[in-house]
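S.K.: This is the feature table in Swiss-Prot:
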- Val91, Tyr92, Val93, Arg99, Leu100, Gly101, Leu102, Gly103, Ser104, Asn130: acetyl-CoA binding site (BINDING)
- 8-169: domain 'N-acetyltransferase' (DOMAIN)
Amino acid sequence: MSPERRPVEIRPATAADMAAVCDIVNHYIETSTVNFRTEPQTPQEWIDDLERLQDRYPWLVAEVEGVVAGIAYAGPWKARNAYDWTVESTVYVSHRHQRLGLGSTLYTHLLKSMEAQGFKSVVAVIGLPNDPSVRLHEALGYTARGTLRAAGYKHGGWHDVGFWQRDFELPAPPRPVRPVTQI
């Protein structure tokens, strides 16, 4: 039996959301290997990242009945200028709100935003094994590109990292990426 579908609001993330986001992600940091951090984050770390990145990269949250239940966001892939049209995407859904379709809903909105902004390529880095994340990314058009074996050590074992990529059609040479506020 699947969980009951409830109304979901997808909206830009704000600093006020970051405590809830921090709780969501810290659950995975503490209990799994889907995130390779080993120490919990603070809400202020999330606020700092949001404020540093939100003009160029979309950061979205999903609310279910007024509660922040997930986040999808993008950030730079690499610091070199030639990578300006490539981003890294990330999504987390609260363990309390699984199987409601929030991951795909958040990601669909995030991908539309990134395409409208003029990004060319989106990379997802997935700690393996993580079959639900692999299925989600592949259902959204990402293609497996490679695996780094034993890339991280956490919870008593070595874990691989997989790279998935999705491309958008853009002209060459590309135009400058538009800020989030201009889409």
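Note that Cβ sites are derived from N, Cα and C of the backbone, with glycine treated the same way.
On this model, are these features tucked inside or out on the surface, and what's nearby?
M.R.: Look at Leu100 (acetyl-CoA binding site): DSSP puts it in coil.
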S.K.: Would you measure the largest Cα separation among Val91, Tyr92, Val93, Arg99, Leu100, Gly101, Leu102, Gly103, Ser104, Asn130 for the acetyl-CoA site and round it to whole Å?
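M.R.: Farthest-apart Cα atoms in Val91, Tyr92, Val93, Arg99, Leu100, Gly101, Leu102, Gly103, Ser104, Asn130 are separated by 18 Å.
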S.K.: Please list residues from the chain of Val91 (acetyl-CoA binding site) whose Cβ is under 8 angstroms from its Cβ, counting only those at least six apart in sequence.
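M.R.: Spatial neighbours, sequence-distant, of Val91 (acetyl-CoA binding site): Gly70, Ile71, Ala72, Tyr73, Gly103, Leu106, Tyr107, Leu110, Leu136.
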S.K.: Take the Cβ of Leu100 (acetyl-CoA binding site) and count every other Cβ within 10 Å, whichever protein chain it belongs to.
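M.R.: Within a 10 Å radius of the Cβ of Leu100 (acetyl-CoA binding site) lie 21 other Cβ atoms.
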S.K.: Under a criterion of Cβ-Cβ distance under 8 Å and sequence separation of at least 6, what residues of the same chain contact Val93 (acetyl-CoA binding site)?
M.R.: Ile24, Ala62, Ala69, Gly70, Leu100, Leu102, Gly103, Leu106
